[in-house]
Each structure stands twice: as structure tokens, then as C-alpha cells.
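K.L.:
Structure provided below as C-alpha cells; questions to follow.
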Amino acid sequence: MEFLERTYLVNDQATKMYAFPLDRELRQKPVNKDQCPGDRPEHPEAGGIYHCHNSAKATGNRSSKQAHAKWRLCAASAICFIFMVAEVVGGHVAGSLAILTDAAHLLIDLTSFLLSLFSLWLSSRPPSKRLTFGWYRAEILGALLSVLCIWVVTGVLLYLACERLLYPDYQIQAGIMITVSGCAVAANIVLTMILHQRNFGYNHKDVQANASVRAAFVHALGDVFQSISVLISALIIYFKPDYKIADPVCTFIFSILVLASTVMILKDFSILLMEGVPKGLSYNSVKEIILAVDGVISVHSLHIWSLTVNQVILSVHVATAASQDSQSVRTGIAQALSSFDLHSLTIQIESAADQDPSCLLCEDPQD
């Protein structure tokens, strides 16, 4: 019969940390063979203990989301490559700068999709002694690089559009342009459908979108705008050949919309890199949940942040009465917070008699 060996940290009244193995408790209760290591027992006994890190449910959710993200990115890459080649050929034949620049946008998208796939693989690597949290943030860095690619290619489009406004000496085959741009719109709509994810946040008991797929979705959404601009300009030029200026004008307008679409994703990722509270979680609500646990007198040094989207970490200092069993309090807090599927939970138990009301580090953060 196999037994799990676990080690827990409990803070004594002098706030010194001691580590001790809980061999006695583990000998009393064998491990369920059908239960994943680190998962919480279905029916913990009174005073029972379960592992402090993420549950098997959270681990399974992470693996499932990674698999879905990889499938979506692979499918998007294949579609993107096919229609990129089609637009290069069609744009060259039609003599349309808008189609060629849209093909260039697809090339950047393809590069970003492959970069996102690489970052997903990198984020699945195990932690090292130097990178103790692992490579999860590689997913965010890859997504930010993807946004940077959007800015670069959109800047090029704006420059070329301005150049055509100043020097309108060019010819366009509007018929071919309509056919190619129409197919591009359809292809990009398919891309957005593949990459679209639901994003309700924790209050709706749903998960937030994968960072890499979310950035890829913004790319595809930008491609839809760009392709629509090409199609609109093609229709205008087809019916009114003298209005070929519509080609650079539409490119200019929808390039601005593409830039605007990246602002929100950049804001969310910046907050994540600044160790902000994850979107959908409320600091005050989490604190109230902890205070509601039997034996908890006060809560301070509560920190909530994310390694990456859906990888939430929480650490907290909890003051209890000297007569209170620290292990039962820790277990109660972990059970109360289990609905959040935390990646890692650290609880430091302290004596209420040792609290210092004048300590600035123990004060609640500002609103």
C-alpha cells in the first residue's frame, strides 16, 4: 500500500517557521489508488489534511485548456497559410496594394500563431531552481510579442496608405480584387470562429481565455476588418473607377480600428505582469470568505496574483486564538477557497497576541 509523504509549514506564536512531516496522519489513512496525487479527499475526516497545491481538477483543466489552445492555433495556422498564398498571387495579378498588405498581415498572423504555439510548449516545461514558478509567463510574453507584431504591420499599412493618398499613380484590377477580398473575408471569419473563446471570469464559474489564443483572436479580428476594408474599396473601385483612392482610405480607417482592438488586451496583460488581482476576482470578497472560517480572528498580507491566465496564486497571513488548532484553520480556509481552483495556496498561521497594529506591511491595500 502506497502512502503520500507531505510536509506542511505552520507558524508558531513566535512567528518562526518549522517544517515537519505528517507521517502519523498518513499512516492512518491510505491513499486512494484512483485519486491523483495532490487531489483533495472526497470525504476528509475531522482534522484531516489534504495537499496545499492545486487539485487534480485544476491540473486537468489546465491540460485540457492547453490541448484546446494548441488545436485552435494549429487549425488557424493552416487556414492562414493557405489564404496568405492565395492573396499574394491574387494581389499581384490585380495590382492591389490593399490585398498585398492584407497578405502581409496574414504572414505576421501566421508568425504570431507559430510563436504562440511555441510559448504554449515552453509554458508546459517543469520549473527549475532558477525559474521556480516554471515557464508559465512565456505564454504572456508570446502574446505581448504577438500584439507588437500587430502594431508593426499596422504601422506599415498606414505608411503605405498615406503614400498612395499623396501619389495616386497606380492601377487596380477591381474584378480580381473583389474575388480575392471576398474569399479573404470568409476565411478570416472562419479564423475568428475557431479562435473565439468564452470569457466570463471566476464569478461565473468559468475560465478566462487562454492568453495565446486570445492574442491570436485579436489578430484574426484585425484581419476581418482589414479584409472588409479591401472588399469595400474593391466594390467602390469596380463601380466607380475614378474613386480608386478608396483603396488607401479604407486601409487607413480599418488600420486605426485594428490598433484600437489591441488596447484592452495590452491592458489586461500589463496588469498580470504587474502582479495585479486577476480579472473576475474581488480582493474584498476573498478576504470575507477567509474571515468567515471558524477560528480566524483577522486577516492581513493577503496577496492574489496570477502566473498566467487561469493560474491564480494566493498567499495570506491569518491570526487565530492561541487555543485554536492551526491545522484545522488551515484546512477550513483551503476548503473555503477550493471553488477558485487556485494553482497555489500559502497560509501563514499566527497568534492574535503577536499582531502589531502599527505595522505598515499588515495594513490593507488602498482601493
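Placement of Cβ uses the backbone N, Cα and C atoms for every residue, glycine included.
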K.L.:
For Ala76 and His196, give whether Swiss-Prot records them on the same side of the membrane.
P.N.:
yes
K.L.:
What is the three-state DSSP composition of the topological domain 'Cytoplasmic' (266-367), stated as helix, strand and coil residue counts?
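P.N.:
For the topological domain 'Cytoplasmic' (266-367), the helix, strand and coil counts are 37 helix, 28 strand, 37 coil.
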K.L.:
Under a criterion of Cβ-Cβ distance under 8 Å and sequence separation of at least 6, what residues of the same chain contact Asp109 (Zn(2+) 1 binding site)?
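P.N.:
Listed in sequence order, they are Cys80, Ala216, His219, Ala220, Asp223.
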K.L.:
If you count every Cβ pair below 8 Å, which range out of 79-99, 103-123, 175-195 shares the most with the transmembrane segment (245-265)?
P.N.:
79-99
K.L.:
Can you tell which of the binding-site residues His105, Cys359, Cys362 lies nearest to His300 (Zn(2+) 2 binding site) in space, using Cα positions?
P.N.:
Cys362
K.L.:
How many helix, strand and coil residues does the topological domain 'Lumenal, vesicle' (238-244) contain under DSSP?
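P.N.:
Computed counts for the topological domain 'Lumenal, vesicle' (238-244) are 5 helix, 0 strand, 2 coil.
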K.L.:
So what's near the transmembrane segment (140-160) in sequence-distant terms, Cβ-Cβ under 8 Å and 6+ beyond its ends?
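P.N.:
Sequence-remote neighbours of the transmembrane segment (140-160) are 97, 101, 104-105, 108, 111-112, 115-116, 118-120, 122, 211-212, 214-216, 218-219, 222, 226, 248, 251-252, 255-256, 258-259, 262, 265-266, 269, 272-273, 308-309.
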